[in-house]
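**Q** Look at TrEMBL and you will find A:246-273, A:346-365, A:407-423, A:435-456, A:476-492, A:513-537, A:543-568 tagged as transmembrane segment.
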Amino acid sequence: MVAGNGLLRIFWPSDAPRNKNHGTIIGWRNSPSDVFVITILQDVEPRKVEGALRVGTLFRDSPHPIRQMYHLCGTSSMHVLGTVNPTVHSSAFDPGHLLAFTEASRSIPAIFCPKSCNINVQVIIFDRPSPHRMQYMSLSPISLSLGDKSLGSNVASYSLGGHELEEEEERAEKAKLVEKLKLHTVIKHSLSQKEHLLPTILAQINCSSEIAALLSKNAYVLGTRQKRSLSVSEKVVESATTLRDYVIAVVWHVITVWVYPLLTRGFVIGLICHRMVAEVILRVLEWRLRPDSAALKDISATAQQVDIRLQQFCYWPIQYLTLRKRKDDWESVTDKHPDYIRFYNSLWLVANDVIIGIALGSYIIDNAPWVAWQINTVVNGWTVEGLRDMILWLTDWPGGLKLNTELASFLGDLFIWVIDLWKECVSSLQPLLPHVIYFIGFSSFAGATMPISMFSDLLSLLTVHIYCFYTASARIFHWQLTIILSLFHLFRGKKHNVLRNRIDSCDYDLDQLLLGTILFTLLFFLLPTVAVFYLTFTSARMAIIFLKAALDTSLACLNHFPLFALMLRVKDPRRLPGGIFFELQDTPSVFPHFSDPKDTSPTSYVMLKSVPLSLRAMFDQYFQLGHRIRNHYLSPSVILLLVTGQFLPPIHRKSLYSLQYSMLPAQRASVLEAWQRLTEQSPPITNGFAKMPNGMTVHRVRRG
Amino acid sequence: MLTMRPHLTTLRPSPTTVSFTVSTASRRETLASQFLHHFLLGLRIVFGLTTLAILLAKSFEHFKYLPHFLSHEIEKAPWSHIGPLSFASFYFVFRRFHTEESLLTLRSLGIQTSTLSNSYLLPSNTRFIPTSQIRDILIHEAFRGFEVRYYLAVVVEGEGEVVVVFPNLLPGRAIVEEVWRSARECLYEPKG
């Protein structure tokens, strides 16, 4: 029983009937002082309902075992909780049988509870999510990515610079602080049973709509209704419908027994053949020379794109079968809903990709000579001729800057020889370019991502020479800088102690000092010349890196944009729960139904609503991607690396584009497993239509 | 005049459900402030409707119903002027000038912090913390610029950061202490 000064918590659906009719409240009783109202059956006696609940007549013709529902809701039985608008008014309060009063003009029920009981009443009114439309409530935001691989560890294992390590350290430090914070709590409140119940209650909310529908469908059992024989016209209608039903049943039988199995078997065999081919290609793409060396898909964007597509094709049948399993259970089971969103999101993205790809491909094929000519101009004009002109300009006092002519012309000649060699190579490949363009054009019928990734690979191939120049000039620049630094120490009469890793003072001889100083001066005056070359190649390299990053980002958008989720957010925000929130309602001070209108316990009315997923959470992975790119290319340590001429490693594809794999499982199912899953005699295939009580078949409507 | 020092409003329909709201909105106790409030409301409505009318007139090229001096100007002005201006106008029409933050405590369920967004169009930013995740509620002090501020914080199980209640307003110690006392009293069932 409710203890003195206790709390009576009532969950009340917002769509419960509001008229003045007499009714019986049915629901779960989680504890004597914590009740959950499922539905109100009007104009029936509580005693009859109690009996029907015990016998189970109210759960007749349930589409799935009612036990599962009990299990979901974490209780063992349903109860009559009380009466709405009772005809006989009792003045004593009984928590086992509540008395509520509703009125059409008021959205909230009045609960009878006199002040003398010393009980606080908390009425929580919730909007029932409709399981048929796949709405549900959840404490934690729905996850749009597949959570079987942690992104954090991925980053750590491919960390390149010091800043990632620093971040890791910070995280560890914070974890320690959190541990310490636990010691600060002086009094530990042991949680009461009511406080643990919140997840169960959310499950009950999610289930309530379906149970309420079942109960109200069976409510006719309770009423006293005379059986009346059918009239002549009704009999005619009935026989006509049965005849139609009979014809449909025969046709349906032929289709299900003869045609359908044949088709499915052929389809499954086709899928498995495709799966085997995909397995071979995936193995090739994943093959590594040594365990630590890069696989093909880590180097090339095209290979990675093919890998993603094939993995998606491998995952879809499994995902679809999982979704089909949903129909074997109550619709209120919500754990498959994120899978549903993910599956249709990836289907939609691929379809989108193909549509854009067809448009792009037909354009490229129609204008192949022009596109080839354009690419040729860019490649030849900018990366070969432009670079050559730039080097020539640098050797000739650029912008009035008096560089060292001899060194500049030496370096310039060196680079120009290599450029000439490269130019010969490129020009011998030039006749092939239109064919390459045709190939790219045709490949784009497999999706716009293919030409983009191929273009990205082509770009890295055609700018290999710039990468080489960058490496060479960076090496020279770095050497010179190091020498200048150590000579500067000599100039000050100090030297770098390698053993202790510090600067010690040192007594140099006069000739050592003299020679060192002369060399220092020489190198110092030659530094601008080398720096100018280094700057040129570094900026070219950075431009290429940013171009590739832009291409890869567009790939990520085409492969992973949460299109379906965005559409759902607009269409039906309750399908994307991002948490719950409570809204305190105004409490009426007077309840006119009670014998003593003023005599009522303190009652609070709270609305429970679902918060839709925020846009920020939807694009969370893009924010992570942006953060990683910023960390890798715009952090101070990277700028220091650039200034001192040390080699800047390109960001690892895997750590950058883990985003694209976030909708795929870490371990794909093997061919054998896929075969077993596809051929197992799953009931949903033969039982796609749920049998309804009166022999009618009801089509399950696909929601989208 | 429009805003004032943060002040606390407590709504307590029952001892187990308490809502604390700290707001900088003017309480409108004096006649002058009431007048100002209604005047500003009227101004907002007039501004909003005018902007809407101008936009409609411009997009349908139909200037008959606008006042003469206005229609002449608008017919001449290009979209590149009207667009940003009407955007700015709508921004100020729907702009909320006061800040309001609240804490809702529900015994046996949890607590919920919420901050009203600074536009009347956007939903408020709420965060619900179930009781099972609340480790503690405490008042702590922090340096902010050259002053020490007392703030109410909720330590959440398994999270690296505490949730600060009233994060933007950071009301003074008197308010924070009062909220802390009644929130603890409301949240946990009495012993015994």
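Glycine residues also receive a Cβ, built from the backbone N, Cα and C atoms like all the rest.
Buried or exposed, and what's around them? Tell me for each listed feature.
**A** Remote same-chain partners of the transmembrane segment (A:435-456), defined as residues 6 or more beyond its termini with a Cβ less than 8 Å from a stretch Cβ, comprise 300-302, 304-305, 309, 350, 353-354, 356-358, 360-362, 364-365, 368, 371-372, 375, 548, 551-552, 554-555, 558-559.
Beyond the transmembrane segment (A:476-492), the same-chain residues lying 6 or more positions past its ends with a Cβ under 8 Å from any Cβ of the stretch are 503, 508, 512-513, 516-517, 519-520, 523-524, 526-527, 530-531, 533-534, 644-646.
Residues of the same chain lying 6 or more positions beyond the ends of the transmembrane segment (A:513-537) and with a Cβ under 8 Å from any Cβ of it are 390-391, 394, 398, 401, 403-404, 407-408, 411, 415, 466, 469-470, 473-474, 476-477, 480-481, 483-484, 487-488, 490-491, 493, 645.
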**Q** What parts of the chain pack near the transmembrane segment (A:543-568), using Cβ distances under 8 Å and only residues at least 6 beyond its ends?
**A** 144, 301, 305, 308, 341, 344-345, 348-349, 352-353, 356, 447-449, 452-453, 455-456, 459-460, 463, 466-467, 575-576, 613, 618-619, 621-622, 625, 629, 633, 650, 656-657, 659-660, 662-663
